[in-house]
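Contents: one structure, followed by commentary.
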Amino acid sequence: MTAITDIIAREILDSRGNPTVEVDVYLEDGSMGRAAVPSGASTGAHEAVELRDGGKRYLGKGVEKAVEAVNSEIYDAIGGHDAENQIQIDTIMRELDGTPNKSRLGANAILGVSLAVAKAAAEASGLPLYRYVGGPNARILPVPMMNIINGGAHADNPIDFQEFMIMPVGADNIRDAVRMGSEVFHTLKKELSAQGFNTNVGDEGGFAPGLKSAPEALDFIMKSIEKAGYRPGEDMYLALDCASTEFFKDGKYVLEGEGRTLEPEAMAEYLAELAAKYPIISIEDGMGEDDWDGWKYLTDKIGATTQLVGDDLFVTNSARLRDGIRMGVANSILVKVNQIGSLSETLDAVETAHKAAYTAVMSHRSGETEDSIIADLSVATNCGQIKTGSLSRSDRLAKYNQLIRIEELLGPQAAYAGTSILKA
């Protein structure tokens, strides 16, 4: 009854107005799963590869080739297979593609099918997706990393670091966490406006003011947390995504907004200073994706007290993660389904992290859709943290709203991760 009977892919638009792939998977019993694929702006060199059309249409970003791959070659390979055999289906698609980075058929094609298959199987089983994927023990609601000031590749301003986030660790539940984040977000808007900064938002819904340095952004956030009635370092903590690969040039970190260039050790020292001065509990991509020595130095320096998240470093790839674990580099992995290109490989990366006592943070991309699957996956994996943007833009809020629904469905079983994520 859960055999795949039809697959239909189409080209839709993401939150940046760029084309992306949406896939519908139909099963023998009439169940249907629909998934839309996200896309990143700051992408790691080691990520699985999206298939784009090139040419003039959509300025080269069309995905008709990926859509055609789904509707023909992929359907021919997995049509008739049981949707409940997720690993088998993902393996068939990976082998059909035949490249190490899914570049022939496109990670966007393979991922769209992979996620839609899981959604269809969940519907056929009569279970919500988080329960279907995670089983009976899936019940942890994640602490959100809320990106309220954007810089770097996500905004047109001088700030070098890409994301400045708040984490409402002191909330009692996900509803309170969202409320607390919203209150700080709107307080920050007033603070920025009062000092003459624009309050336009970036790709992920955070503000993109013309600030020049990380401390300047952090000071605004600290003040806004306090003005909203919360205590930095108790109710709310801070997190950074430096996206350092974006400004790692010729072996050095070029902070153009701050007007200085740092050697890897000096960059690590700078991050350590920020973590000591502010209640920062998580730093993502503090060093460049191939600066393994810099990562090791940073980990040795502050890894015992600070979550050090590898995004471009690990690209949701279990093999790269195992390299990092062996070298004692970082202590957490950012999990983005489209970096690796299938659901089963995504879940394997989370499992690999947890077995090594690394944390995992479920994450969106800067180019998102209304699809809220990462909310379900964050609960399914009990990873305890989610990164899905700010408290504006419906493509971001879709995930927060889904978490609120999941918490309601779980009832008394629901547990908010809260202070359990703190390292020290």
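Including glycine, each Cβ sits where the backbone N, Cα and C put it.
The (2R)-2-phosphoglycerate binding site annotation in Swiss-Prot covers Q162, K336, R365, S366, K387 and rests on sequence analysis.
Annotation source Swiss-Prot lists active site, proton donor at E204. DSSP classifies E204 (active site, proton donor) as coil under the three-state reduction.
What Swiss-Prot lists as Mg(2+) binding site is D241, E284, D311, and the listing cites sequence analysis. For the recorded site, D241 (Mg(2+) binding site), the DSSP three-state label reads strand.
If you look up Swiss-Prot, you'll see K336 marked as active site, proton acceptor. Sequence-distant contacts (6 or more apart, same chain, Cβ under 8 Å) of K336 ((2R)-2-phosphoglycerate binding site) comprise P38, G40, D311, V315, T316, S363, H364, R365.
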> If H, G and I count as helix, E and B as strand, and all else as coil, what does DSSP give for K387 ((2R)-2-phosphoglycerate binding site)?
Replying inline: strand
>> Between D241 (Mg(2+) binding site) and Q162 ((2R)-2-phosphoglycerate binding site), how many Å separate their Cα atoms?
In response: 6
>> Considering Cα atoms only, can you say which of Q162, E204, S366 is the nearest neighbour of E284 (Mg(2+) binding site) among these recorded positions?
In response: Q162
> Where Q162 ((2R)-2-phosphoglycerate binding site) and E204 (active site, proton donor) are concerned, what is their Cα separation in Å, rounded?
Replying inline: 11
>> Taking 10 A as the limit, how many CB atoms besides its own sit near the CB of K387 ((2R)-2-phosphoglycerate binding site)?
In response: 29
> Hey, what's the Cβ neighbour count for D311 (Mg(2+) binding site) at 10 Å?
Replying inline: 30
>> Suppose the Mg(2+) site is D241, E284, D311. Which further residues of the same chain have a Cβ inside 8 angstroms of that site's Cβ centroid?
In response: Q162, E163, L240, C242, A243, I283, D285, V309, D312, L334, K387
